[in-house]
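To start, the structure itself, in structure tokens.
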Amino acid sequence: MFWGVVLFCVLSLRGALAQDVGALISKDIIERMLLHRNDANCNGKGFYTYDAFITAAMSFGAFGTTGNTNPRKKEIAAFLAQTSLETTGGWPTAPDGPFSWGYCFKQERGTPPDYCVANQQWPCAPGKKYFGRAGKAIGVDLLRNPDAVANDPVVSFKTALWFWMTPQRPKPSAHYVITGKWRPTGADLSAGRVPGYGLITNIINGGIECGKGSNQNMENRIGFYKRYCQILGVNPGVNLDCAKQTPFGQ
């Protein structure tokens, strides 16, 4: 009986290891996907490493491990695509195409808001920006030191993964959508919100990009996703845009 339990534990451990994100996406594949992230003109040069991504991903057991190979690959492609858009250094005529320049920058481009809603429980450090961070959830004090996201690549990936994995009502989590677990309500269907990659764009930036027809940011998110799916050898699926989706909360 004892050895039977031991064998079961060993087999379970092997199964868990087989589900590791690293089993699906090698360092060489990351190099192909994020081809120019270490370009001399990228301020994120040398920051976003393969090891940092895998280490962060292992803190979120369901990420890239849910379902069979296809949904697992799609989730990895979708996550990297959405975050690539936020950190891209590409342009329409960029070498190797605009969707080879994800993760060029360590922080969002332009002049984003500070994402800080001051209250007694979560006070904002003077002069700091928060960029949607979730320090308590990942065990890092980002209230006092929000710049850790730009200084520690594992923390950077973890904050993005926390947002990806965590539903924020009325929005489902991006993880729930890409793994096929989300089912639209009647209200969702009336608002054009259907399962697919486009709904993830709605979750992340729907108020700006969704329900407005075609727009460049939305199309670029799709461009990154299609390229990454092609590299991983998986079909991107349907409903890739949110052009006719009403943003959540409207």
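Just so it is clear, glycine is given a Cβ too, placed from its N, Cα and C backbone atoms.
Computed from a predicted structure; not experimentally measured.
Per TrEMBL, the features are:
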ACT_SITE  Glu86  active site, proton donor
DISULFID  Cys42-Cys104  disulfide bond
DISULFID  Cys116-Cys124  disulfide bond
DISULFID  Cys210-Cys242  disulfide bond
DOMAIN    42-64  domain 'Glycoside hydrolase family 19 catalytic'
DOMAIN    155-165  domain 'Glycoside hydrolase family 19 catalytic'
SIGNAL    1-18  signal peptide
Which of the recorded positions Cys42, Glu86, Cys104 has its Cα nearest to the Cα of Cys242 (disulfide bond)?
Glu86
Calculate the distance in Å between the alpha carbons (Cα) of Cys104 (disulfide bond) and Cys210 (disulfide bond), and round it to a whole number.
25
Glu86 (active site, proton donor) and Cys42 (disulfide bond), distance between Cα atoms, whole Å:
14
Pull the DSSP breakdown for the domain 'Glycoside hydrolase family 19 catalytic' (155-165) and write it out as helix, strand, coil residue counts.
11 helix, 0 strand, 0 coil
Whole-number Å distance between the CA of Glu86 (active site, proton donor) and the CA of Cys210 (disulfide bond)?
16
Average the pLDDT scores across the domain 'Glycoside hydrolase family 19 catalytic' (155-165) and report the rounded value.
93
Could you tell me which of these disulfide-bonded residues, Cys42, Cys242, has the fewest other Cβ atoms within 10 Å of its Cβ?
Cys42
Would you count the other C-beta atoms found within 10 angstroms of the C-beta of Glu86 (active site, proton donor) for me?
19
